[in-house]
Amino acid sequence: MIARLRSATGLVLMSFLTCHLINHAFGLVSFEALAIAHKILLGIWRTPPGSALLAGSFLIHFGLALRSIYRRRTLKMSLWEAGQIGSGLLIPVLIAEHIMGTAVAEDFAGIDPNYQYVVAALWVGSPTSGAIQAVALVVAWLHGCLGLHFWMRVQPWYENIRRTLIFIAVVIPVTALAGYISAGFELLSELNRDHMVQQILLQAHFQAEKVAPLYALLRPVTLALIVLAAAPFAARLVRGRLPYGNRVVLLLPDGGKVPVPAGATALEAIRASGRPHAAVCGGRGRCTTCRVRILEGASLLAPPDELEKKALERIKALEGVRLACQIRPTSNLGVTPLLPPTAGAKEGRQLGGLEGEEKRVTCLFIDMRGSTKLGEEKLPYDVLFILNQFFSEMTKAVAETNGHYAQFNGDGLMALYGLTGTPEDGARDALRGAVAMLRRLDSLNEALKSELPFPLQIGIGIHHGDAIVGAMGPPQAQITSAIGDTINIAARLETLTKQNGVPIILSRETAKTASLNTAGFDPASIPVRGRDEPVDIYLIPNRDALPA
């Protein structure tokens, strides 16, 4: 709820700021253009509902920022987090005079804060204030862009539009400042006209006796804002001196023990100890890069709230996986990080983590026959084209039968079935996958018959059993795969298809799990290195022998 409220109010404020800055850009044209754009872009914000939404969003967003600072158990943070927090605390102080001279003066002194009046006040009345407002514009825009960036970066589509957004993020403030400067110079060039300043003040309904009391409040209001911004830091110091019970510790895989201050999250405790730990979203429960497996003390943790629950469901987290930024240990807790400290948003979208789970799956290995001969008879470019077409068809067959592509190996691949659903469904899907592969291979041979020196052939080995399933590979290019005897046996069955002259060999365990009628199949047994007993198998002569 808090995270949603922070995001929603931030979006409201960023929407207003964007309209405000685009309005400034019309200063490159004229004051008349500024006035027209003001009615179009900011008219809705000047209505009672719009003003209430804007003011409420500002108060809530600022209040939540103060709350988050106080709730942090450590001020160790990344540079971008420090920049976002620091800029957010500066904004109210920087814009206090501007708000006092426009919105407050309009409501309590009857001022009409039109653009000529505001520019005259900033460029003629107080150039220092004018410079401060230019700085405030940049600081506010930077704060909003940082927030949007770290809110959207966890989304898979963000990388596709990131360059465009960067361009927009630069163009809007630059043109806004240019418009502000252009309007200022235009006003200065007209000041030599008779009674120009008096005309501007008259049009704005300026009355010094009504405005003076408001500006008398500016200094105490500014000081109050500074005190308010400093309050959570002071409260943290007081809290740190208060006595509390025995401090709990996090037990890490390397034997390290990390003390956890009362009320701190596991992420805060780990970072406070100087250990790096991934958290792309800054500990807001969105990116899941801080995920950990709870090895000890899981039952003593509070259950996941709605935010954490949705994040864990999104990555199909295994039992015992929690987000370090969301758990607040109250007793000793054994944890192991599931992603490296350098993990980014892309890794955060991966399912599972570095650790795997033992799971009953059906493994299917496929290998293209005659690839060496194909390379001898065709040009490298042609071979690459044929292989790409081949893998495209095979992976489509895997996808359409609920399989998961798990490994690529030269001219073959490995697929896993049963990662979701029941083991029985996984075994049946694997058989359907083998049939789909052979069917697609026939279609591919027909489509490429003018390119192929001989028809492509494949061998398929299928075995069902226990395997360790999880994200594997280099940190920047991990895929969900599996290891174990089941995988080795499936690979062994695939190599035997060539020796036995059949396209498919499946284990008896696979047939049993899939409830396959094996009448008419040729049974056999094969020895497997590392196993005392042979593996019972069935030789499948063609795809028609299996259910489609």
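Including glycine, each Cβ sits where the backbone N, Cα and C put it.
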Matching range for TrEMBL feature annotation, transmembrane segment, among 10-33, 82-105 = 82-105
Request  = Mind pulling out the one from 53-70, 131-152, 217-238 with the most Cβ pairs under 8 angstroms to the transmembrane segment (82-105)?
outcome  = 131-152
Task = Count the CB pairs under 8 A between the transmembrane segment (164-183) and each of 53-70, 131-152, 217-238, then give me the winner.
result = 131-152
Note = the domain 'Guanylate cyclase' (362-494) resolves under DSSP into 63 helix, 41 strand, 29 coil
Ask   = Counting by DSSP, what is the helix, strand and coil composition of the domain '2Fe-2S ferredoxin-type' (246-343)?
value = 19 helix, 22 strand, 57 coil
Inquiry  = Using a Cβ cut-off under 8 Å, which residues of the same chain at least 6 positions beyond either end of the transmembrane segment (53-70) come close to it?
reply    = 2, 5-6, 8-10, 12-13, 16, 45, 85, 88-89, 92, 228-229, 231-233, 235-236
